[in-house]
Amino acid sequence: MSFISLGLSESLLMALAELGYEQPTEIQHKTIPAVLQGRDLLAAAETGSGKTAGFMLPMLQQLIALSPATANQATMLVLVPTRELALQVEQAVRQYGRFFPRQLKTLAVYGGVSVNVQMQALRSGCDIVVATPGRLLDLLARNALNLRAVKSLVLDEADRMLDLGFSEELNQLLALLPKKRQNLLFSATFPEEVQSLIDQLLVDPVRIELEQDSHIPEQLTQRAIEVDHEQRTALLKHLLLETSGAQFLVFVASKRTANNVVLKLERAGFSAQALHGDLAQTDRNNALAEFKAGLCRVLVATDLAARGIDIPLLPYVVNYDLPRSPADYVHRIGRTARAGVAGVAFSFIDHESDAHFKLIEKRNALNVPREQIKGFERNPNIEVAGPKTKGQAPVKGKRKSKKDKLREAAAAATPVNQSIWNKKAN
């Protein structure tokens, strides 16, 4: 099937041709007709599946028949969990809307940058707003935007949004939206919280689920390298030396580890950048831009910061620290071996992470052979610490904790607030 057969407009087909898109992916083939019909949609899809085009192309098609957004209003709203994903989706809107028959007004709104610039951009209205929940609520509180004219709502990576604690923010936003609207929800996994959101949000949705085997492409080689914990950075340097200047995306468990690994790589002469939530937004944007441009060889990232990153032709991914969940393992390694190009995903397995990697394999129906690299063999004599026995609870000292102080402050404030209320009532 071609994009022409999906009923897309000439302006969108021109943009797709310029981008080199020849045929729709499986998710695009299934989502575009459903969205054009105005149906609510529930799709099990993740980064790399082509889902952004799957919802954005038909939304742009719908916009052609609608009047431009008026002051401080939005016609289409896309909610995403992270700033990086907001920027990525907005960039896709601009690419697909390059030949739009009128001026297309779109904006990504997210925290970490000046709110005044975003308020100014919203004054004339926006056809498409791509937003993180927190910053969107901030703009609504400042009356910079209202949601009364929203025709379509997209929740992208709904599972990650709930993982990050945006449940309350989502409920507040849903209450401000018009009841009559189209709802599109995309999620890689469907835990109980996501299912509850589905029940609340969607009306008779079209349900789309990709085949499980499409999650890990055939051209992706998985390698599980057994190595001692303290030898992981040395092994990473070895892999960099063995791969002739190729780029690496390295996943770590914490911001501190990201900074430490980058420091050690730079001391060894490798160009490396960290990507995590403590960095200023401009620094994160610069790190990504340099990596995509090939100016930086190694990007060391936490899961949250890397969520939604799309780096074409990335040859290597490294799980320096294993991910917490089996689903995140698939998300991580899915950054390589895209568009039919071969890629390799390395996972470093120390003694402590042996059992966890077995769980990852079991949940994802995988069997990755263990291997050791000469010079970095794992010490067979290291004992794994057993589970901690639950001892007696520690005796609390006289020094008050932060929570205790907050509780006392709240308790002290209650009668005062009540007396003020009583005076007003009288």
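Placed from the backbone N, Cα and C atoms, the Cβ positions cover glycine too.
According to TrEMBL, the domain 'DEAD-box RNA helicase Q' annotation covers 1-29. Among the features that TrEMBL reports, motif 'Q motif' is placed at 1-29. Sequence annotations record features per position, and here TrEMBL assigns domain 'Helicase ATP-binding' to 32-208. Per TrEMBL, domain 'Helicase C-terminal' is recorded for 235-381. What TrEMBL records for 381-426 is region 'Disordered'. Here TrEMBL flags 415-426 as compositional bias 'Polar residues'.
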The predicted model's mean pLDDT over the domain 'DEAD-box RNA helicase Q' (1-29) is 91
Residue counts (helix, strand, coil, in that order) that DSSP gives for the domain 'DEAD-box RNA helicase Q' (1-29): 17 helix, 0 strand, 12 coil
For the domain 'Helicase C-terminal' (235-381), what are the DSSP-based totals of helix, strand and coil residues? 58 helix, 25 strand, 64 coil
